[in-house]
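Enquirer: Submitted below is the structure of interest, expressed as structure tokens.
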Amino acid sequence: MTQAEIKLCSLLLCEHFGEIVEKIGTHLIHNGSQPLRMIAHDTGMSLDQVRKALCVLIQHNLVTYQLQKRGLVEYEAQCSRVLRILRYPRYIYTAKTLYSDTGELVVEELLLNGKMTMSAVVKKVADRLTETMEEGKTMDYSEVSSTFVRLADTHFIQRCPSAPESPEPPEAPLPPAPTLVLNEQEMYTVPRLNLVGKGKRRHSDNGDDCEPKAKRQKPNADSKEPPPDDGIYWQVNIDRFHQHFRDQVIVSAVANRMDQTSSEIVRTMLRMSEVTTSSNAPYTQPLSSNEIFRSLPAGYNISKQILDQYLTLLADDPLEFVGKSGESGGGMYVINLHKALASLATATLESIVQERFGSRCARIFRLLLRKKHLEQKQIEDFAMIPAKEAKEMMYKMLTCNIVSLQEIPKTPDHAPSRTFYLYAVSVLSSAGQSQALAQLVANLIERRLHETKENRRLLEKSQRVEAILASMQATGAEEAQLQEVEEMITAPERQQLESLKHNVNKIDASENQVDETIFLLESYINSTVKH
């Protein structure tokens, strides 16, 4: 892990969990797995603080623990999982796109809390949706439950590993750390719960509001029973979301290269195999032309003959996103996921080279991709670039590990006059340099935090004014009174707020765009390693 990625992990932990959790998490990232007392000693924090911080990190799957032979429990940070925090907004937005507001809030609650039972999620989401509804309307638990089941059926959420029920007698000593087991057969099985009820608003208008708070809560605490699904916890399946992102990138690439109909056919093929195909598989499951035709969206009126023509066109395309694997059922077709990711990663790297080094370096980069290996003189001739400029460009790209240099000596003494020097491009090693993009994301986060800190006083004033306006509107204040409160923020301050909002939105959009590039390059690396 590079220093840039460690810095990014530190910023993400501090922003989402606070300074204490960030200090423990960063310490584990720097030093590897350590036991509790060593963490407390090295960080200079109390055991209680370290325990609480580790609980938070384990709850959110950012730290794992392992029982060693001597009985010590060692804790280890999951750096890749910490970096996924950057992608949380995309997970939530995807859930909203696929399963409306209910799905969005289910995924948001699971990401905010790490692990939750189904009953707790359903009640919390129903309450939140009820608060946004008009007066007198409420959200039924059954509607939220059905969305929860759909998310589990499509594998966007999954069960967490749990401690097995031990047949040992209760007086037996407990192990220092429980061993969690994941039953793969029940990973997406939703427990049958009879959740009856509706969401509640925070500010209830019931008559018992005049009753003292302690007096009202006491009987509820005494009659509290464990939920019916106690011990069955759920979490967000990040790999499934990444699979969906990958599919969306492939569909978008086909639409840009060919047309909307071709992309819809590819989207249908990916949707048919999204649950049956592993996220690391190089190909999707073979699908017949007849199956694809039957699965096309109802509003997409194309005949079977036109579909076959499109499939043939896609299979004959030089990029080979779609391949033909047989003739049965009108022709069997697969999507070559590895080839698609390789083509997209190559195009992304070409774009990065062009933006960073200029169009001439991009020309050399494409030339090396096509010719595989070239000498300095051949590069100058083929690219039609003067020798001095070509050498400078090659040196720049060589120092950034965009291109590699291979020596092939004619004699054992490696004399320069009797040695071939061949330049080449390895897409895999170039994609590995995507870690440098982590530095860019860290800089963007620091800039956003700096902008917010510099304008903290103005932001606090704006929030106070908004709170006053909301309370006055609720009590039915006159328009003149509202106008008077609004004028507490002067015109220059309002302009400064607009400028701050614009800058922060621009930084957020840049973070998402850089993360999309990181995701594409990481997906290609993982696909190549597995392939």
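Cβ atoms here come from the backbone N, Cα and C positions, even for glycine.
Heads up, here are the entries from TrEMBL:
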- 164-178: compositional bias 'Pro residues' (COMPBIAS)
- 204-227: compositional bias 'Basic and acidic residues' (COMPBIAS)
- 7-65: domain 'RNA polymerase III subunit RPC82-related helix-turn-helix' (DOMAIN)
- 146-344: domain 'RNA polymerase III Rpc82 C -terminal' (DOMAIN)
- 349-425: domain 'DNA-directed RNA polymerase III subunit RPC3 winged-helix' (DOMAIN)
- 159-178: region 'Disordered' (REGION)
- 193-231: region 'Disordered' (REGION)
Enquirer: Would you list the DSSP helix, strand and coil counts for the residues of the domain 'RNA polymerase III subunit RPC82-related helix-turn-helix' (7-65)?
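Expert: Result for the domain 'RNA polymerase III subunit RPC82-related helix-turn-helix' (7-65), in helix, strand, coil order: 45 helix, 5 strand, 9 coil.
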Enquirer: Please work out the helix, strand and coil residue numbers for the domain 'DNA-directed RNA polymerase III subunit RPC3 winged-helix' (349-425) from the DSSP assignment.
Expert: 46 helix, 14 strand, 17 coil
Enquirer: Averaged over the domain 'RNA polymerase III Rpc82 C -terminal' (146-344), what pLDDT does the prediction give?
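Expert: A mean pLDDT of 77 is what the model gives the domain 'RNA polymerase III Rpc82 C -terminal' (146-344).
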